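What TrEMBL says about this protein:
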DOMAIN    68-254  domain 'Aminopeptidase N-like N-terminal'
DOMAIN    289-492  domain 'Peptidase M1 membrane alanine aminopeptidase'
BINDING   361, 365, 384  Zn(2+) binding site
ACT_SITE  362  active site, proton acceptor
SITE      446  site 'Transition state stabilizer'
DOMAIN    610-929  domain 'ERAP1-like C-terminal'
């Protein structure tokens, strides 16, 4: 699954879903009828596990006594009554004699259940009692006879349910046509634990099986599923039954089906796979870019993995209501519309980058996740870390113009932000219930997972790494794996010696920022097996801080656990195997040193003026340079910043501010380094500079420190003034140049830099005068809309356009502009409308709340809204989901007073334990505590520094 990230560089991340159900108790015994089309249906008798008969299983995970082999499913959704009926035949294998079958079911009304025993050509079918245990979302089928090992049985269950009103399970979605008609469709989202909301099943990743799916629909609708349709049968004049081909062996969370009136466009890949993009009819003209990208990317993956894509087709559907970014259902990937649809005339450069990356992510999952699946959700990173990593590997080859490798280190910075907190978790972490599973869909699983894989590839070299991956995929195809299975596929692999940079760049990604090529080597005698090394990165939380002290030709190294917090004394027992890389003032040849102990010393061939570790930010660690090490690097940046790569410059900016947070450096040193940004023009150092400096005044905004806050804002604007003034108000240039332009102009206008405001006002007035028909440059729209929305008249006009279907590609940009109004009534109204979901889609609510929370006029409103609507938000987005985490952290992470901290603690402590103990709540509290401590230490120092440097 692709977690939903905002396309704005400074926006926080957003996401997926999950909630817990209440216990409902019914009673009775189940009747038997072989005819699944029988009209004579009585409600099955379901006995609660806490009734007279005890539920025969007491664990959250299912027993392994019974294994599913094949599901035969028939589903009939009714888009008028918003209900569906289902019939499930599940062939099972018995591994251990038992008289009960335990499986998952959630919100399904079971009307009939039997177990069929096959003996040769004959079979017998017996009714069973159904017990229900809602806390674990399980049912038990109690047979009056034992199920014997080695015999064939089929479980038959007939049931009905309502289409879900949330974004998971088999759920309802709506869209509005250009004529204003509201149309309905039904779609699925099963990852991680919602297949059980559509059909009774063994809803855990390791219970792989084949699926034969039939869907009943009206003739005007189209049914889609993982496999192609093999035949359609007219059941009645008003009803068609589509039969889909038998699937490959797969996990339940990858099953998908859609009933809609979508249109499609299709193309064939080189190997004959049919790629189709499905969308609502009015948007089919926006499907071509995704189709072309998908063809290129599927061809790339088949070649890279040397394993053919195993299905005959790959469908991609843009769903009008969708919580995450996309979902990798095998053969039928589903997407949020903004993650798939691209209008060359109206879409921004960042949208093009975003869409390409999401498609690459989901197609990578067809191998990592679908073909080879983690055994349990504790190793989710084997799915998501790999898919995130492969986005960059693949797109750097298929779409070199996007230069995606320039943005990879930003993912590592994002991961480190949460991984530096005590509330972080190891990449591989034990989880049990659905809320805990949902919490795994975070930056640690995605971004950290990708970053440590990139570090491993840099360590082994690209060719060795790729060979290990192919071995892993081939060995475990259609199976489930654990952490150690991957490491064993790469085990005892010797890091490359004497490998030329051209080979390291075998797939064009890893070492783009190295200025020269030469031999790479590891200056350690021993060869370390991959398992030992990588366990230090996956089985413990956090990351190392490597302190470098240069004494003549000797470089003394020391590693410790980097952790923020007032009580973050150095952690004992944390040790990583760190593949260090470095360049010096004397040589831009990348040197390598494997640090496996707490301290070590490396010897340089000669003394140097400066040394820079973690070349290109390929390693997941930060570096502190003691003595005059930082002074030398700051002087280098001021005198000749292009002597090191733009990614190296971005990593220095990040590291210097992170060291301030733990008291290793003074804020004045970090601000001294920031002065060089006046001469910076590359996207990643500029973005990183803004990402470090802007939150500083954001903390002050919520403390009423106007004087210093305004001085700091003035300093940042002045720092980038020359670069802002150079920006043209058009769509010319590379993707990175266009993204830089869009962000700089939005920042300048938001900070009321007058030349920017004047230009944006001029554009907005002309656009308004044309009644929205004037074509604005795509990359300046957000800045223009943001300035225009500052007046009530402008806000109303902008919202009137937001409602129109031909502005659908600009909705994200308009939402940003509407959310940064200073009018509190408007801010409250836009949040209320997002929750209602009529005019503003509820899928966009998490972003909108956070945008409002970043607004000095709206942060009180956003916090009040979150508190008052907590239960509704959990019901809609699910407890533990990234959407809930995005709102909790996004609303509170700029608080920096003890009063705000107390208020946040009081609210979450008032909730039931499952809510109050969420990891995102712990992260929010920790972040506020860190903000308070940071401001207490640094505010006066910032004030003095600004006085001396403005």
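Cβ atoms are placed via backbone N, Cα and C, with glycine included.
A quick note: this is a predicted structure, and the numbers were derived from the prediction, not measured.
With respect to their backbone Cα atoms, residue 365 (Zn(2+) binding site) and residue 446 (site 'Transition state stabilizer') stand 13 Å from each other. For the recorded Zn(2+) site, residues 361, 365, 384 set the reference point as the centre of their Cβ atoms, and the other residues of that chain within 8 Å of it by Cβ are 1, 2, 328, 362, 364, 368, 369, 383, 386, 387, 388, 390, 391, 446. For residue 446 (site 'Transition state stabilizer'), the nearest of the recorded positions 361, 362, 384 in terms of C-alpha separation is 384. For the binding-site residues 361, 365, the largest tally of other C-beta atoms within 10 A is found at 361.
Neighbour density for residue 384 (Zn(2+) binding site): within 10 A of its CB lie 28 other CB atoms from the protein chains shown. Calculated from their C-alpha atoms, the gap between residue 362 (active site, proton acceptor) and residue 384 (Zn(2+) binding site) amounts to 10 Å. Within 10 Å of the Cβ of the residue listed as 'active site, proton acceptor' there are 29 other Cβ atoms, across all protein chains. Mean pLDDT of the predicted structure over the domain 'Aminopeptidase N-like N-terminal' (68-254): 96.
Here the Cβ of residue 446 (site 'Transition state stabilizer') has 29 other Cβ atoms within 10 Å, regardless of which shown protein chain they belong to.
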